[in-house]
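Swiss-Prot lists Gly42, Glu43, Ser44, Gly45, Ser46, Gly47, Lys48, Thr49 with the feature ATP binding site. Positions annotated as domain 'ABC transporter' by Swiss-Prot: 6-251.
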Amino acid sequence: MSEKLVEVKDLEISFGEGKKKFVAVKNANFFIKKGETFSLVGESGSGKTTIGRAIIGLNDTSSGQILYDGKVINGRKSKSEANELIRKIQMIFQDPAASLNERATVDYIISEGLYNFNLFKTEEERKEKIKNMMAEVGLLSEHLTRYPHEFSGGQRQRIGIARALVMNPEFVIADEPISALDVSVRAQVLNLLKRMQAEKDLTYLFIAHDLSVVRFISDRIAVIHKGVIVEVAETEELFNNPIHPYTQSLLSAVPIPDPILERQKELVVYHPDQHDYTLDKPSMVEIKPNHFVWANQAEIEKYQKEL
């Protein structure tokens with residue numbers, strides 16, 4: 001699991017030009033190992049979805065590189081290169097209702113990728129693939145003739161998962177796949193994603209703002225704040241030893257089930273102006289083995305004393 005499947009180097013993503021230019025992501029650096037679940041965590045508007053959409057090619061990049069299996073995939077691509085990436089990289093979207101064609105049957109929605117890339121030889125083979133995928137995500141074959149509005153939110157998300165996985169991808173970007181779902185079905189969808197990963201040897205980029213969910217499913221976590229990745233570490237290391245003040249703030253806001261402990265805990269308030277980067281510029285530094293933090297030299301010395 002040590003092989004790097006995805007690598008992001010000095011990535012910047014901006015929108016607009018001139019005075020209206022807005023930099024959504026800057027200096028993003030991370031890698032995703034083959035077979036692991038790597039999570040991007042941050043508040044709404046932090047840029048996490050923007051990065052995910054850039055990897056799959058839905059957002060253009062301003063500078064930097066995105067590498068997939070050692071090859072640069074951002075920028076201009078030929079049609080054959082783009083098609084190859086679509087085969088290998090799929091996305092599960094946040095809102096299952098908005099991401100499914102309301103006028104199409106479930107059969108067509110899941111089969112669309114198979115049709116576009118000629119991934120079957122006979123109609124019988126296509127039907128068998130769709131039937132097997134429906135069973136794998138916990139849906140019935142009689143659901144194939146129905147339309148998305150006839151399903152619950154959890155069932156619609158399962159359809160979205162089936163649509164992505166029927167392409168037999170290597171890498172799946174899950175953009176807050178459970179945030180629009182009822183609490184009662186969130187665990188079911190998470191368990192489904194974990195099971196499918198184990199069975200199909202998938203690599204996940206899991207985008208979320210709920211740290212408790214991320215802890216359950218992730219191998220490593222990157223914390224992003226206003227377009228800047230401030231900390232990257234293995235899951236338990238990040239939860240047990242958060243270094244960046246913003247990460248500490250996020251973790252302190254996670255609810256504790258025990259009401260007595262919840263009332264006693266101290267919230268950490270993050271103040272962005274505590275960082276003085278006027279002269280001493282920050283960079284991503286490996287402060288501990290496999291634990292990276294965005295800091296300048298003065299902050300690194302301070303953090304190391306606190307370890």
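Glycine is treated like the rest: Cβ placed from N, Cα and C.
The structure, with features from Swiss-Prot marked on it.
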{"residue": "Gly42", "record": "ATP binding site", "Cβ neighbours (10 Å)": "24"}
{"residue": "Glu43", "record": "ATP binding site", "Cβ neighbours (10 Å)": "13"}
{"residue": "Ser44", "record": "ATP binding site", "Cβ neighbours (10 Å)": "8"}
{"residue": "Gly45", "record": "ATP binding site", "Cβ neighbours (10 Å)": "11"}
{"residue": "Ser46", "record": "ATP binding site", "Cβ neighbours (10 Å)": "22"}
{"residue": "Gly47", "record": "ATP binding site", "Cβ neighbours (10 Å)": "24"}
{"residue": "Lys48", "record": "ATP binding site", "Cβ neighbours (10 Å)": "27"}
{"residue": "Thr49", "record": "ATP binding site", "Cβ neighbours (10 Å)": "21"}
Integer average pLDDT (0 to 100) for the domain 'ABC transporter' (6-251): 94
Gly42, Glu43, Ser44, Gly45, Ser46, Gly47, Lys48, Thr49 excluded, remaining Cβ within 8 Å of their centroid (ATP): Thr50, His209, Ile224
